[in-house]
């Protein structure tokens, strides 16, 4: 755990962990509301949003791109809702129509824009570049106290930290509303809670988390983090608060283990090159979910024996 | 226009024709096989299946290189993608059946995890000496231009088999899609039929992977069935219309893409399908938005017309502008709201029908008339002339309205 670690691994691990937590928190509620695939849809429509932002501003800068991505996510949510209502199409299919079409439009716009050597390609969008978010100016743990070195931290770290904090605060502030509106929408309305607004707000929060995480770690990890840690957590407990804590724990574990395996794993097997950290984080979260599915204390449906459930 | 027409009529050279026909066939197979998944409300299973192909592609490449072969052998890559897609499919089916997680959580986790694993393996492939130019990334977004004759043959044979199997299994699959409990009661093995449905979608995904890429093949599986559903209420027809929409999208998309540079085939095909979808959403008879709007307007007009006539019968003034416009257009009232002779006659008829209904309900108290009496259905449509004559006998002779 020397200077190398601080310089090359500390910031990617922190960024990965914060991204994973920011996604897993809203994921808990999305899973319970059977909207788990919203995360999938959002992460696909982020691409056209980023391309449009680039075409409008002509620069590769974080803020306009995040705004573009968030705008695209909101457009997608509205389109999905419109198709559902206007055409009486079931939610999954409406979602499928919207995100595949927007993704196709994004790919087309990317080809048309001929971005050439500008670092905005699809592979990057899918895989992220967690490995490259290193802290050049760090010389060891003491750099954490050195203002000059701290100024050289990757800007992605600040952005994801702010978004993660925002998601945490929103979850805490709206905890009771979220909880009631998630489990019993009619009861929530009877209590005077604006249940539809809570639902829409949740999706927007998820979109913000997805966009911020996408900026740093790419879209696969976003999809996996929205679903795998909360799903595994759901199989560990029957209480919502405990589930959220479990999901944060699983998200952190996935991010840390995934990064370590990706960076150092190949060396243990005699390889020389690291593998994709984002992919490995998703894979680790899958392994955790697999264990939860097989051994989680609350894995089967309530009131149904495991064999009967088959 | 020249290049577009050339491509449209297959005059733009061997390669373009190959791609065009291949895309049309793939579109047909995808639309038809995607239909049942859509009707079963599981459209997004195709998303999970498509993403689960990636680790298989990478593994197959590594295995083939390890055994000294050419890693780019399409058949080998397809087999590899089928293996992991099948595995993902089984997991997607297992999770909701054996745990309390819902179907969408299962789809999402398989999608994310398998894709992540695929990316990990791709980064390994890229570091292999023979992997650098492997072009495996093209499986993400497709590379239509590079389609060879053998690829086209694969699509033709595979696509035909899928369509044939869809046709063969259309009845049990329809039954399961609409009412799985009933299907189970009829003695069908619902689980096996579900797996078959997903298996067909998997086959199309594997076949189409090279052509349109794993993310956009999902669009070809979902958009045509949703589009087709607007045009018919019958499941059997949805299958063929969806196939047709898919084929047209594939054909037109490939043609457009061939007619200009920098128009990648996969996205163009998807956008053509999306355009057909939007047109259907608005213009389809019956389920389209425009038809629903017209229906609503007609209903509104009938309600206003009847209320207006009842008001005339009761000699109340009509203050509602829309009602007044409606009645004066039919020549039932003058511009100042005074009824014409025709208006008085119609009002008398409506008022009399109202009273006839009162009698009818009195006579047939337990015949369930509540649903029939909506105030808009003419009484002649519900009762025979003899029955109405009987109501009139009880009501007495008609009375004039409006003091004429």
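Positions of Cβ are set from backbone N, Cα and C atoms, glycine also.
TrEMBL has this to say about the protein:
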type     : residues  : note
TRANSMEM : A:6-25    : transmembrane segment
TRANSMEM : A:37-56   : transmembrane segment
TRANSMEM : A:62-80   : transmembrane segment
TRANSMEM : A:92-110  : transmembrane segment
TRANSMEM : A:157-178 : transmembrane segment
TRANSMEM : A:190-214 : transmembrane segment
TRANSMEM : A:220-237 : transmembrane segment
TRANSMEM : A:244-262 : transmembrane segment
TRANSMEM : A:274-296 : transmembrane segment
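Counting Cβ pairs closer than 8 Å and at least 6 residues apart in sequence, the transmembrane segment (A:220-237) and the transmembrane segment (A:6-25) reach three or more and so form a contact. The recorded stretches the transmembrane segment (A:244-262) and the transmembrane segment (A:92-110) do not share 3+ CB pairs below 8 A when only pairs 6 or more apart in sequence are counted, and are therefore not in contact. In terms of C-beta pairs under 8 Å, the stretch of A:6-25, A:37-56, A:62-80, A:92-110, A:274-296 lying closest in packing to the transmembrane segment (A:157-178) is A:6-25. Sequence-distant contacts of the transmembrane segment (A:274-296), counting only residues of its own chain at least 6 positions beyond either end whose CB sits under 8 Å from a CB of the stretch, comprise 12, 16, 20, 127-128, 130-131, 217-218, 220-221, 223-225, 228-229, 231-233, 235-236, 250-251, 253-255, 257-259, 261-266. Counted as Cβ pairs under 8 Å, contacts with the transmembrane segment (A:92-110) are highest for A:37-56 among A:6-25, A:37-56, A:62-80.
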